Amino acid sequence: MFNVVFVLGPPGSGKGTICSKIQENLGYVHLSAGDLLRAERERAGSQFGALIESHIKNGSIVPVEITCSLLENAMNLHKTANGFLVDGFPRNADNLSGWSKQMSGKVHEQFVLFLSCPVDICINRCLNRGEGRTDDNVDSLKKRVETYNNQTFPIIEHFGKLNMVRKVDSERPVEEVYEDVVKVFEAANQM
Ligand SMILES: Nc1ncnc2c1ncn2[C@@H]1O[C@H](COP(=O)(O)OP(=O)(O)O)[C@@H](O)[C@H]1O
Ligand SMILES: Nc1ccn([C@H]2C[C@H](O)[C@@H](COP(=O)(O)OP(=O)(O)O)O2)c(=O)n1
Ligand SMILES: [Mg+2]
């Protein structure tokens, strides 16, 4: 049974940054759905490269069959991990239903870490991210924020109704955000 923490929040809210620190210090393996999709996009012989790129540039969400298989394959490479940080997933209803179909019985969903940050700050962070991404531009970001508001935030509300959401204000400096995130994990794991 894979132990899973979903990490959600607007683009630029700090999911990747915080997940890297959790992975370093708390023994969870960081799986960024976006990173897995970008790697698949670049993989020689991938049949999904063009499809993935069109969704990334358009700020829309890749069909769950592709993303969920990439996530499960990655988890199977770390069978002894304490748990997995599933970063940027589930991002819409298709992700959620596809995950349930493919992963039920295989995972324990511990909680959802929700990084909350004002959109204007998030957009500026992405524009200054400097990772050469094809979607860190004003046009793509407009669409990504719309996707977040219309499709992803309802997923956070869904988990909220199940009392599974742990919200952390990520507008503050990284160290302050991380301090609160550690408290969330300590409470969840009674460390
Ligand atoms: N708390 C923070 N304060 C200031 N900048 C941040 C903070 N967290 C992340 N960043 C920066 O903002 C950008 C986006 O962070 P990232 O972790 O990639 O966010 P996400 O994965 O949610 O898109 C990166 O350049 C990162 O260094
Ligand atoms: N579950 C997911 C996660 C990401 N994607 C695609 C669409 C997203 O805009 C891009 C980028 O996702 P990523 O999590 O790397 O973006 P941020 O780190 O939030 O800026 O990847 C997806 O289609 N499905
Ligand atoms: Mg990220």
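Placed from the backbone N, Cα and C atoms, the Cβ positions cover glycine too.
Annotations in TrEMBL come from automatic prediction, not curation.
As the structure is a computational prediction, the values presented were derived from the model and not from experiment.
TrEMBL tags one of the stretches 32-62, 125-155 as region 'NMPbind', and that stretch is 32-62. Rounded to a whole number, the distance between the Cα atoms of Arg172 (ATP binding site) and Ile61 (ribonucleoside 5'-phosphate binding site) is 28 Å. Counting other Cβ atoms within 10 Å of each Cβ, the lowest count among the binding-site residues Arg38, Arg172 belongs to Arg172. Residues in the region 'NMPbind' (32-62) partition by DSSP class (helix H, G, I; strand E, B; coil) as 20 helix, 1 strand, 10 coil. Distance from the CA of Arg172 (ATP binding site) to the CA of Arg133 (ribonucleoside 5'-phosphate binding site) is 24 Å.
Among the binding-site residues listed here, namely Arg38, Gly88, Pro90, Asn95, Gly88 has its C-alpha nearest to that of Ser13 (ATP binding site). Residues from the binding-site residues list (Pro90, Asn95, Arg133) with a C-beta closer than 6 Å to any atom of ligand 1: none.
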